[in-house]
Amino acid sequence: MGKVQGGMKCVKYLLFVFNFIFWLVGSLVLAVGLWLRFDPDTVSLLNEEGAPDTFFIGVYILIGAGGLMMLVGFFGCCGAVRESQCLLGSFFACLLVIFGAEVAAGVFGFLNKEKIIEEVQNFYSKSVNDNNNGTAIASIYHRVLNCCGTKEPLNTSICLDTTADTQDCTSAITEFFNSKLYMIGYVGIGIAGVMIIGMIFSMVLCCAIRNSREVI
């Protein structure tokens with residue numbers, strides 16, 4: 001069995017280090033996704049019956065991509081150490097899939113930002129006008145976001161507690177979900193950029209291994 005020599009050995013060890021970092025980053029992406037999914041504030045705002053679930057689609061993409069990144073990072077390390085064309089080829093294919101998923105999460109977060117925020121705002125407005133369980137739902141928004149009523153007009157009579165810094169819930173919802181959706185977008189696109197390096201390393205090493213075996 002031919003072994004890579006010279007500069008390709010450097011690529012081999014660089015790929016191993018990259019995959020270890022990739023595994024750590026996958027753990028971070030998974031942790032961010034799980035935090036966004038189970039964040040008490042977010043869950044309390046979107047866990048009621050009839051609440052829009054569009055926000056969680058991008059979160060689920062992050063969670064899936066993070067878990068796959070951890071798995072792929074492990075197999076990538078094995079492929080680099082064993083100099084296995086099969087493992088490196090599979091690693092490249094998996095990176096391509098994750099790359100697409102991360103870009104999708106990033107684009108989803110940016111393109112659907114306004115739509116998701118509008119859906120949540122409409123859900124809040126509807127709950128305020130609902131005579132059944134609307135008061136309970138609206139009170140959750142008032143407590144979590146420290147807000148009261150819609151932007152125009154600001155009706156503070158529907159809130160038990162208001163202070164000088166209490167803002168309207170329309171603006172509060174926009175600020176809260178903007179921060180979450182930007183996080184999904186930046187994490188998705190940022191990690192996708194890093195994956196390009198891994199795909200280049202894996203293909204270079206895979207070709208070097210094939211060439212060394214052909215020589216022998």
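Placed from the backbone N, Cα and C atoms, the Cβ positions cover glycine too.
Curation plays no part in TrEMBL annotations; they are all automatic predictions.
As the structure is a computational prediction, the values presented were derived from the model and not from experiment.
Residues 4, 59-60, 62-63, 65-74, 76-77, 80-81, 83, 91, 183, 187, 191, 194-195, 197-198, 201-202, 205 of the same chain sit 6 or more residues outside the transmembrane segment (12-35) yet have a Cβ under 8 Å from a Cβ within it. Per TrEMBL, transmembrane segment is recorded for 12-35 (among others).
Counting residues 6+ beyond its ends, the transmembrane segment (55-75) has Cβ neighbours under 8 Å at 19-20, 22-34, 36-37, 42, 46, 87, 90-91, 94-95, 97-98, 101-102, 104-105, 108-109, 112, 116, 120, 177, 180-181, 184, 187-188, 191 in the same chain. Among the features that TrEMBL reports, transmembrane segment is placed at 55-75 (among others).
Tertiary proximity for the transmembrane segment (87-111) is limited to same-chain residues at least six positions away from its ends with a CB under 8 Å from its CB atoms, namely 19, 57-58, 61-62, 64-65, 68-69, 72, 75-76, 78-80, 181-192, 195-196, 198-199, 202-203, 205-206, 209. Per TrEMBL, the feature transmembrane segment maps to 87-111 (among others).
Outside the transmembrane segment (184-209), and at least 6 residues removed from its termini, the chain residues within Cβ reach (under 8 Å) are 2, 4, 8, 11-12, 14-15, 18-19, 22, 25, 29, 32, 36, 58-59, 61-62, 65, 69, 76, 79-80, 83-85, 88-89, 91-92, 95-96, 98-99, 102-110, 113. Marked as transmembrane segment by TrEMBL: 184-209 (among others).
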